[in-house]
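Everything on this sheet refers to the single structure shown next.
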Amino acid sequence: MEGLSLLQLPRDKFRKSSFFVWVIILFQKAFSMPLGVVTNSTLEVTEIDQLVCKDHLASTDQLKSVGLNLEGSGVSTDIPSATKRWGFRSGVPPQVVSYEAGEWAENCYNLEIKKPDGSECLPPPPDGVRGFPRCRYVHKAQGTGPCPGDYAFHKDGAFFLYDRLASTVIYRGVNFAEGVIAFLILAKPKETFLQSPPIREAANYTENTSSYYATSYLEYEIENFGAQHSTTLFKINNNTFVLLDRPHTPQFLFQLNDTIQLHQQLSNTTGKLIWTLDANINADIGEWAFWENKKISPNNYVEKSCLSKLYRSTRQKTMMRHRRELQREESPTGPPGSIRTWFQRIPLGWFHCTYQKGKQHCRLRIRQKVEE
């Protein structure tokens with residue numbers, strides 16, 4: 001009881017304190033002054049509503065876009081698994097959105113695919129689209145396929161990340177990583193936060209040896225690209241290949257290349273020599289150099305937010321990232337028509353809000369239709 005008495009106020013001071021509390025509450029209602037500041041990562045949906053949806057986000061200058069690689073979701077990054085996540089579709093225009101900062105990717109891809117008649121499957125990159133700048137391994141694949149559609153999209157609705165530009169489609173001959181775009185909400189706009197590199201910066205940042213970040217290239221040939229059943233060959237040289245039929249790490253392919261070269265198992269003719277992997281060979285050597293999400297909250301957010309029209313909330317979970325080795329997993333596949341369209345819900349129209357006669361008025365800077 002003595003401890004509780006410390007929390008009690010004398011009657012006269014209680015009246016004065018309650019008066020000031022009511023003054024603060026009324027002042028906040030009148031001037032929309034936020035009483036709290038978001039300082040941690042344990043946000044509830046209602047807190048996001050209070051900060052973003054009730055007059056506290058005055059301008060999109062407070063939003064900073066960041067590209068997050070799908071490697072953070074623990075997806076298989078080998079070429080046979082990755083290509084199953086991509087599919088062709090017609091009648092859907094490509095969309096591009098810029099982002100200001102990103103992660104260093106462990107695995108990037110570069111595709112040069114032709115149709116049986118010799119025409120190109122993938123469109124050339126538009127002006128200003130450059131390859132993803134930070135790649136530890138670049139998987140360069142050439143080949144042929146039916147390519148049944150105008151563009152190659154991501155079946156799970158993710159973006160293809162280029163140099164500070166994210167597109168919904170794959171461009172020919174340009175390094176890209178798989179990822180999504182997230183928005184950071186800043187308490188106040190800061191000019192120096194996440195500044196973009198200079199426009200004149202070199203396109204291939206990995207050429208700078210002082211960065212201690214070397215890019216290694218792995219080459220492949222793909223047959224029947226874009227179809228349900230395709231064949232992927234790892235290229236040792238122009239006439240020697242290895243058939244890839246299971247998930248594997250980049251380190252395994254480098255060791256495989258060294259083994260074939262060391263034991264002189266290369267093709268000694270002008271014909272194509274294709275090796276197959278023994279069933280007992282472990283293709284998981286080395287480290288699966290990406291993250292795996294461990295779910296610490298079994299339930300999804302069930303409370304609806306005013307942001308639900310912009311982002312899907314059905315798959316959001318509280319997650320914690322930590323490093324570990326991943327076991328082999330089956331890559332989810334789906335029919336070409338199962339492309340999810342939540343990536344088209346990202347707001348591409350910038351807005352700015354002002355106060356007039358005590359009320360907030362918002363207007364779009366650039367009007368752009370967002371498809372549902």
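Note: Cβ is positioned from N, Cα and C throughout, glycine not excepted.
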Item checked: Recorded disulfide partner - C135, candidates C53, C108, C306, source Swiss-Prot -> C108
Notebook entry, point to check: C-alpha of N238 (N-linked glycosylation site) to C-alpha of N268 (N-linked glycosylation site): distance in Å?
Noted result: 11
Item checked: Of the recorded positions listed as C121, C135, C147, N257, the one whose CA lies nearest the CA of N268 (N-linked glycosylation site) -> N257
Next item on the list: For N257 (N-linked glycosylation site) and C108 (disulfide bond), determine the Cα separation and express it in whole Å.
Entry: 19
Next item on the list: Determine the minimum-neighbour residue: among C108, C121, C135, C147, listed as disulfide-bonded residues, which Cβ has the fewest other Cβ atoms within 10 angstroms?
Entry: C147
